[in-house]
Amino acid sequence: MKQFTIFIVILFFSLNNILSMENLQETKDMEYTFLSLPSELKLHIFYKVIELILKNEEDIFHAFDNLSHFLKTFNLLNKEMRNLFCGNIVPIKEFVRRYYSSSNGYISLNNINLKLKEILETPELTCSMISDYNLLTQHRNDILKKITCLIIFGADINIINKNGKDSLIYVSSIIDKKDNKEFIKILLDYCLDITRKDNAGYTALMYAVYNKNIELIRVLLKKLIDNASVINSINSLGETALMIAIGEDCDESIIKLLLDSSPMLDIQQEQEGYTALMKAIFRDNKKVVKLLIDAKCNLNVQSKDGRTALMWAIYENSEDIVSFILDKNVDVNVQDEDGRTALTYAIRSNNEGIIRLILSKKPSFDVLDKEGKTILMHSVDYSNYAVVKLIVELDSKSINVQDKYGNTALILALKGNKIDIANLLISQGANIDISNYFGERARMLALEHNYYFNHNGKLEESVSCYMF
């Protein structure tokens, strides 16, 4: 028994030497003997070394450094020790937490909580405050390390700052692509609330997306695999993490990572009602539009003003996106709150390519907007001669329809001094004697622009009738 006790002491100090990375070779001779010990005894020895590390260091941040150094070294010795470490990582963490929350620690739990609160209230530094990027990175990593070890040593995980950020959200909001991701993993291991939102409604995932930190996004999504409500949650701006990613022009790989988590694609932003697809259209991000459509988003969802994704694509004058949407199962006859259809938007865009794409889907011409205007009237107001000619040939029956003010397409053409279009309409059967509700007729409007109808009913410019 005495010899066995001496052996344990020797082994204890051999393990203690690992901390300083000295005399590693000396431990090799004792490895086999150590590994043959019962698991309970090995862990007991292991905990004693950890306790020694913690006890000999009053500064908890230095203790964290020393403990991390020891665990990494122990983990690298061989497969058997690595299995011992990995298989008992949770008990080890709980041991450290219990140690610092008990009277054995030099620092009280109350002081640990105060330190964490102080760090969380520290203003977040930016490149405008620290111009040297390396110094900024070093500063951030220092904050990450301090927050992490305070949590490990028993700080209250529910402490938040004045902006409503707990440790996880705070760290996620400042961490950069090149910062140490291990701190986040440790924080998550200590069961920080991954569903929490700050005062702006942002989750840790949203901040990771905003910072385009793909590694952190991957870590968080792995934890959220069974928590769709967080993936689909919205911030105070009414946007999801996916919408934020699109708005920040995140790399395609980040969008794919979010889509792999099976988010609800058709969630609508609260104030304006746009979807992730519509936001991608606003950004003219063709690759993301394709990803979202391939993921089976609903193309017929309407924003608060009644516009579909197709209407928005036309409004943004993106012929490629319009073409891609039209290749799918989309309703081209949906009307927005003003009664306009995709064809109306196409006509108003005066983009002949887009107009022909919409016309290829055989849209309805039997629609009036809330002012009673026909597709032909919109073409007269917004398009060129070639487009009006195309529309009137497809929809000649609406040529004399009147809007809610009594205007016909011909009256609108003359009001806009579009004489060539007026002559086109007359040649297609436009009635020159119809009056609108203000008593205006085609003949009167023609004279106002110094034109008259000849004996063939065609408009001709007159010799100035004002000459004496």
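Cβ coordinates are placed from backbone N, Cα and C, and glycine is handled just like the others.
What TrEMBL records for this protein:
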- 200-236: repeat 'ANK' (REPEAT)
- 272-304: repeat 'ANK' (REPEAT)
- 305-337: repeat 'ANK' (REPEAT)
- 338-370: repeat 'ANK' (REPEAT)
- 405-437: repeat 'ANK' (REPEAT)
For the repeat 'ANK' (338-370), jot down how many residues DSSP puts in helix, in strand and in coil.
16 helix, 0 strand, 17 coil
What residues elsewhere in the chain lie close to the repeat 'ANK' (338-370), defined as a C-beta under 8 angstroms and at least 6 residues from its ends?
305-306, 308, 310-311, 314-315, 317, 319, 322-323, 326, 332, 376, 378-379, 381-384, 386-387, 390-391, 394-395, 398, 401, 403
Please compute the mean pLDDT of the model over the repeat 'ANK' (200-236).
92
